[in-house]
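To start, the structure under review is shown below, and the notes come after it.
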Amino acid sequence: MASGNNLMEKLQDEVSCSICLEYLKDPVTIDCGHNFCCMCISDYCERWSTAGAALCPQCRAGFLQSTFRPNRQLANIVEGFEQLALQTDKEPMEKLCEKHGKKLHLFCEDDGEAICLVCDKSREHRSHTVIPIEEAAQDYKVGLRQFLGPAWFLPLQEKVRARRELIVAEFAKRHQALEEEKQLLLQRLEEDEEETLRKLQENTAFLVEQSSSLVQLMSEIEQKCQQPAADLWGLLWLDVTLDPSTANAYLLLSQDQQRVRVSEKRQDVPNNPERFDTCTCVLGRQRFTAGRHYWEVDVGEKTSWTLGVCEESVSRQGIFTPSPATGFWTIWLRNGDEYAALTSPLTELMLRVKPRQIGVFLDYEAGEVSFYNVTGSSHIYTFHDTFSESLRPYFYPGVRAGGLNDAPLSLQPGTE
């Protein structure tokens with residue numbers, strides 16, 4: 001029977017809360033593994049926790065209040081144990097007095113032990129202070145709670161205090177660093193603002209100066225615009241003449257060297273290296289290494305031609321394909337209505353008005369060669385490039401095409 005009592009006492013300890021000393025109610029488990037009534041450990045933490053942390057009432061291990069875990073399995077065990085205890089009440093399981101075999105209803109405060117009613121009347125305890133065992137149990141509960149008071153939490157509180165001071169110091173250090181960085185950024189921002197304002201003022205002064213120049217330029221342009229277009233081009237107009245020494249043997253040049261057309265027969269001309277030996281084309285006498293120049297060519301009703309400028313050093317022998325890569329900046333007409341700029345690949349040109357006269361404008365320094373439809377008073381195409389050697393006017397009157405393209409290319413003289 002004694003071993004049965006010991007087992008029941010051991011089980012009773014396991015299912016009892018070490019704070020209230022009653023059976024566990026709504027048991028929860030903390031980080032260290034010990035179990036307590038949910039209400040008991042919550043009240044305990046409310047009184048003694050610091051920054052959400054406390055020490056276990058049993059082992060003094062630290063835990064966080066936020067990590068409580070309900071222990072449903074233990075709750076079922078406690079419930080089963082309570083039912084078992086009720087059943088065994090019919091067979092007393094309490095501890096009995098070892099001397100008299102009676103129930104222990106009293107507690108001797110002098111000896112600190114439970115006694116029975118017979119012991120209370122004995123000489124051993126007659127002069128001692130004896131109280132009911134329930135009252136003694138309550139006193140011990142109060143004493144235990146007091147024992148689990150501030151003394152247990154001093155180390156934790158000291159640790160938390162030191163941690164708090166460390167955090168405060170660290171944040172103060174970071175705050176100081178951020179404040180210094182803020183001041184540095186504000187200083188840089190102020191410097192950037194001053195620099196931007198200075199540049200803005202300089203640009204404003206420059207724009208004011210440029211505005212004055214533009215007003216003057218606009219006035220000059222307005223005056224120029226009142227002049228006829230021919231007068232404006234006349235300022236740049238160049239009387240271009242053809243260079244016979246470069247003309248292919250099947251070309252016929254006029255006596256004034258301002259018209260060229262294709263002949264059926266080969267002409268008796270010297271076989272000099274400047275002459276185009278295969279392609280029926282010819283160059284102008286003029287060579288350009290600077291400046292702006294303009295000339296016009298009458299193409300009439302021709303069905304094919306090529307006009308523009310080329311480098312002095314272009315090949316004169318064999319067949320070649322004109323393009324900027326080979327030193328040619330030209331446009332052409334083919335099959336009577338197919339216009340193109342000789343880029344690589346070709347750039348097709350859509351002209352609303354069929355030109356009878358083509359204007360060619362060269363701006364050497366700007367690297368531009370522009371073509372104009374004089375008949376329709378419109379721009380046709382502009383090449384943009386960089387020139388590094390002498391340029392010369394280039395003319396290709398096309399093939400005869402059974403007489404359909406016999407008309408000559410005619411250079412227009414400048415107007416005085």
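Note: Cβ is positioned from N, Cα and C throughout, glycine not excepted.
What you see is a predicted model, and the numbers here were worked out from it, not measured in a lab.
What TrEMBL records for this protein:
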- 17-60: domain 'RING-type' (DOMAIN)
- 92-133: domain 'B box-type' (DOMAIN)
- 168-210: coiled coil (COILED)
- 220-416: domain 'B30.2/SPRY' (DOMAIN)
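Across the domain 'B30.2/SPRY' (220-416), the model assigns an average pLDDT of 90.
In terms of DSSP secondary structure, the domain 'RING-type' (17-60) contains 11 helix, 11 strand, 22 coil. Taken through DSSP, the domain 'B box-type' (92-133) splits into 6 helix, 11 strand, 25 coil.
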